[in-house]
Amino acid sequence: MLKNDRLLRALNRQPVDRTPVWLMRQAGRYLPEYRATRARAGSFLGMAKNPDIACEVTLQPLQRFPLDAAILFSDILTIPDAMGLELYFVEGEGPKFRHPVRDAAAIHRLGVPDMETELRYVMDAVRVIRRELDGSVPLIGFSGSPWTLACYMIEGGGSKEYARIKAMAFNAPELLHHLLGTVTDAVIAYLAAQRAAGAQALQVFDTWGGVLSPAMYREFSLPYLTRIARELERGTGAERTPLVLFGKGNGAYVADLAASGAEAVGVDWTISLADAAQRAGGRVALQGNLDPATLYGSPDAIRSEVAKTLDSYAQGNGGSREGHVFNLGHGMSPDMNPEHVGVLVEAVQSLSKR
């Protein structure tokens, strides 16, 4: 039995006593205790692949701030790593793959990993975290979106131009669809396994969907997000596990995402919550959408922006604050001040009381 079920109630558009709040990258380098754990573990992957350390890092922000959810400490690139692409990290450059997939032979060799063998460390982390949370708040599991994972798998790492994957979209769209289909199968299996291990809410991060034109988004990202929402077994009634579809630059597609079958849509700061709520039309909850850079502001500026965000949602939702989960529009940066995060959380709690 959850002691704090605000997140789950809000994602299901049920009444809550105040707006729940959690933050993308709430467990991260801005926390000195995270940096100490990382130094001890030796690397990011050394933390992510050790269930006990992943649990420790997941719980760190909850020991500082009265957040309404924990999110599994992991990485979106665990699936392609388990497919054999071999994930590694370069300081200052981010994630890379030793074996990117760029031709038909490589793509057709890919299969869905076994979730309790190749990705057992993730499921073990979920189980350990659930035990340690002891019902205090829900645990969110997550995956990257098929399009976003395919970007990394083809480019071999992060990119500014996405030239390789866009070239494939234009020159060999059927091959790209084959890859996206395989990755979607893996994402569905991965999220289902996290749910079976104990995740109580799920989120898909479509980090790079916003680099696509509207026509390409509707061909190469949206159908696969919709497939996840419709095919992922999440239970029924009060036991149903809510799914959030988050994307950077997805404001133009809120109505499409609201029709996907997901319980909630996460948006960034490039669309107002009032506009997003009107587009959603009451079909889904909304999550977001404070610009993370707000945390560089003064405490008064942070409180002011929190108030504006809460009011914007209510404005687009017929005056009601129900069905809103407060979050940033993207993850926090390493140089942000933990004290300012505390100001944000306190402001959401005090300003959103019903």
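Just so it is clear, glycine is given a Cβ too, placed from its N, Cα and C backbone atoms.
Among Thr207, Thr226, Thr236, the residue that Swiss-Prot places alongside Arg25, Gln26, Ala27, Gly28, Arg29, Asp75, Tyr152, His330 at the substrate binding site is Thr207. The binding-site residues considered are Arg25, Arg29, His330; of these, Arg29 has the fewest other C-beta atoms within 10 angstroms of its C-beta. If you measure from the Cα atom of Arg25 (substrate binding site) to that of Asp75 (site 'Transition state stabilizer'), you get 11 Å.
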